[in-house]
Structure formats: structure tokens, C-alpha cells
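Data block below; observations after.
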Amino acid sequence: MTVDDIRAYRRRAMERPALLAVPAAFDRPFAGALHGVRGIAALAVLWSHVLALLAFNALSTSPLGLMAGGGAAVALFYVLSGAVLAISLRRYAGGLAETVAYGVRRLFRLYPLLIATSAFALAYYLFLHPRVTSPLFEASFFGHYDEAFSPVKIAASFLGLIDKLNPPTWSIFVELVASALMPLFVLGARTPARAIVLTLALLVVSFAMRMAPDSHILLYRWPAFMVNFAAGILALHIGLMLRPRLAALGTAARVLLPVALFLVLMNGRALMDAAGYAYGGHADPVTNLFEVMVSVALVVLLLEAPPRVAVSAPLKALGDLSYGIYLIHFPMLFTVAGLFVLGFGNETLGAHRELFAIGLAVTATLATLAASALAWRFLEAPMIAAGRGLSRRIAGKD
């Protein structure tokens, strides 16, 4: 080793702490407002599926219809995940042990409920769905479970690789892929400039996916949604830069602006249609870009939410239940709908369509919330704690 080698080593050693310093944009406490809006968005997905299930026009012009932007809610989920995971990875430096520890935490967070809800959906598919037929349900939607599922498809559903048993799990597959990539995203977006570059690069990928052929490797067009996660990281940098200006806003504005943005997001596709742009289907890059932009603005505002909102107990509780609401709601909705048909009969329900629609929406919502609370108490929270404990041992922090 020469003198120049020693000097170079010392120079790298001096530079390393600066490279591994926690970016100020990531150095944030638990974001209660972000946590809570995830729960509200999960309910929006439930309500959008209530409307999709019914073969008659009901509730679409009600307040429920204004909150039923299920596709936009998923886009928001991804942006939220990008922001929240970047905060959790704020000290990530690329080491093997910390990478494995992070992976363990994500697996313990995502898989236990995924497996449990797949079992619930399988039970519905085997025991209840064959007994239910109704002209009140949209055939293309309710008929999802008419298809015969092979053992291979059932096993793949339990692993989150396909959405046959529980259709909302397609987005969990995207979340799993993004979770694997997030450490790289975080390392590559530690400054505002680098976050912008990453987001723009993934935006190009999103638009390029429109020309890509269908492929198992590109299942659910997952690359099209990676821009959402990068945009979530970018939102942290924007929030830090705008913090003084946001703090100068009145409390009313800091509460009402997020509400307005959320309503714009939920109704964005209808607004775009009214403006002359027709939704292009799953992974439409233009629609996703609009939803990402609104979601980033919403996240920035929520990051600097008034303290009373940030520590709101109802928002905290709703956020805790959000993953449960999202994964449980689909088989629960179909179960409740099936029990309505078996209990009251198609003729009675058809004669009171509006009342049936309201009853279905209310009952499915309450049943989903109750099941989500039980899942959080007895499955999710214990498994999250177990994952954290194991990850700490892997990372050598215990």
C-alpha cells in the first residue's frame, strides 16, 4: 500500500459519514395524517366495488359515489408507500444485514393477512358462490368466481403472485416488487435533484409500458407504477422545501385543501373524461400521471398537517385498519351480497333496489371494518411486532 493509497482511504472514510447522513427530508416522525388517509382510500376502493357489483344505477350520484375512485386510491397507495418506506429506510446504507432485515419486515407486514384473506376468499368461492345467482349483480363482475380455479392458481394466489382468489391482490404484487426496489430508490433519491431524475426516468418507463407486449415478467404492467413510489420520495423533498410556506397557511386551509384534493383525486377520471380524455384502461400512463400529481400534492399537504390532525386518534385507528380493509373487503362484499340474496330473495331485493343498495353498502362497510379490527388485533399487529423483532436481531441491534 502506497502513501497515496492511505490518503485515498482516509479521504473515503471522511466522506462516508456525509454520504450516509440521514437526508433532512426523510428525517420525520410517524406521519399520522398519511397513515389515516390510507384508510380512507381503502374505504374508497370498497365503495367503488359496491357500485361495480350492482347491475343497476344506484348510489352513483350520492355522496358515496363521490368517494368511489378505487383506481385512483390505488395510485395514492403507491405514492404513500414511497413516502412512508423512504422514511423507514432513512438510515439505509446498502448493507446486506440491513437489506435482509428490511425484507423480513416487509414480508411480515404483507404476507400474513394476504394468506388469511386468500383463505377467506377460497372459502367463499367453494361454499357460498355456487349457491348464489342474481340479476341484480353485474355479470362480468360477480362472475369473477364462476371460473374454475386450478390448484396452481390457488397456490399462486396465496403467494400474492396472481389475483384469482382476491382481485385486489394484483396491487399487492406491484407493492411486493416495489418493496424489493425501494432500497435502491431511496439510495438513488437522497437529494431533491436525484429524486427528480429518478421520478422522470420512471415516468418514461411508465409511458413506454404502453408499447410493451403482454408478458409474465411484466405482470399487471408493474413497471408502469414504479413512478408512483419514486414520486412519494420526491414528495418528502418537496414537503421540506415548502414547509415554511405551508406553516404560514391558516389551520382551515391546511385541513380543507387536502379534503378538496382527495375529492379531486377520487373523481379525477370523470373530470378527465369531461375534459375529453378517455381512460385507456389498466396502467394508462396519462391517467396515472394525473393521479400521481394530485397524490403528491396531497401527500405534501398531509406531511405538514396541523398537529391536531397529525395525532388524530380516529385517523390512527383507520390507518391501522387500512391494509385489512383493502384485502378483506372484496370477499366480504361478495359474502354479504350472497347472504342478502339467500336471506331475502332476488324478487324482494329487486322490488326495493335503492334500499338494497344502501343496505349492502352499509353492511359490507361495517362487516369489513369489524373484520379488519379483528385482523389488526390478532394477526397484523402481532406479526408486525414479530417481524420487527426478527429484523432487529438480523441487523444486530439487539
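Numbering starts at 1 and runs along the chain as it is shown here.
Every residue gets a Cβ built from N, Cα and C, even glycine.
Marked as domain 'Acyltransferase 3' by TrEMBL: 33-376.
Note on the transmembrane segment (40-59): residues 65, 67-74, 76-77, 80, 135-139, 141-142, 168, 262, 266, 318, 321-323, 325-326, 329-330, 333-334, 337, 353-354, 357-358, 360-361, 364-365, 368 of its chain, located 6 or more positions outside it, place their CB under 8 angstroms from a CB of the stretch. Feature annotation from TrEMBL assigns transmembrane segment to 40-59 (among others).
Among the features that TrEMBL reports, transmembrane segment is placed at 65-89 (among others). Using a Cβ-Cβ cut-off under 8 Å and counting only residues 6 or more beyond its ends in the same chain, the transmembrane segment (65-89) has close neighbours at 26, 28, 31, 34-35, 37-38, 41-45, 47-52, 59, 102, 105, 171, 174-175, 178-179, 182-183, 185-186, 189, 225, 228-233, 235-236, 263, 265-269, 287-288, 291-292, 294-296, 298-299, 303, 326.
Annotated transmembrane segment per TrEMBL: 110-127 (among others), in sequence order.
Look at TrEMBL and you will find 170-188 (among others) tagged as transmembrane segment.
Residues annotated as transmembrane segment in TrEMBL: 195-213 (among others).
Away from its own ends, the transmembrane segment (219-239) comes close to residues 23, 25-26, 28, 75, 78-87, 161-163, 170-171, 173-174, 177-178, 181-182, 185-186, 189, 191-192, 195-196, 198-199, 202-203, 205-206, 209, 212, 246, 282-283, 285, 288-289, 292, 295-296, 299-300, 303-304 of its chain (Cβ-Cβ under 8 Å, at least six residues beyond either end). The feature transmembrane segment is assigned by TrEMBL to 219-239 (among others).
Residues or ranges marked as transmembrane segment by TrEMBL: 246-266 (among others). Tertiary neighbourhood of the transmembrane segment (246-266): same-chain residues 33, 37, 40, 44, 66-69, 72-73, 75-76, 239, 291, 294-295, 297-298, 300-302, 304-306, 309, selected by CB-CB distance under 8 Å and a gap of 6+ residues from either end.
Sequence-remote contacts of a segment are chain residues at least 6 beyond its ends whose Cβ falls under 8 Å from one of its Cβ atoms, and for the transmembrane segment (286-303) they are 28, 31, 33-34, 37, 71-72, 75-76, 79-80, 83, 203, 206, 224-225, 227-228, 231-232, 234-236, 238-239, 242, 246, 254, 257-258, 261-262, 264-265, 268-269, 272, 277, 279-280. The feature transmembrane segment is assigned by TrEMBL to 286-303 (among others).
According to TrEMBL, the transmembrane segment annotation covers 323-344 (among others).
TrEMBL lists 356-379 (among others) with the feature transmembrane segment.
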Response to the item:
Contact set of the transmembrane segment (170-188) with the rest of its chain, CB cutoff 8 A exclusive, min separation 6+ beyond the ends, reads 26, 74, 77-78, 81-82, 85-86, 89-90, 92, 94, 99, 102-103, 106, 110, 114, 160-163, 194, 198, 219-220, 222, 225-226, 229-230, 233, 327
Worksheet item: What residues in the same chain, six or more past the boundaries of the transmembrane segment (323-344), come closer than 8 Å to it by Cβ-Cβ distance?
Response: 39, 42-43, 45-46, 49-50, 53, 77, 109, 113-114, 117, 120-121, 124, 128-129, 131-134, 136-137, 142, 145, 166-169, 172, 356, 359-360, 363-364, 367-369, 371-373, 375-376, 380
Worksheet entry | Residue numbers, six or more beyond the limits of the transmembrane segment (110-127), whose CB comes under 8 Å of its CB atoms | 145, 149, 154, 157-158, 160, 165-166, 169, 172, 175-176, 179, 323-324, 327-328, 330-332, 334-335, 338, 375, 379-380, 383
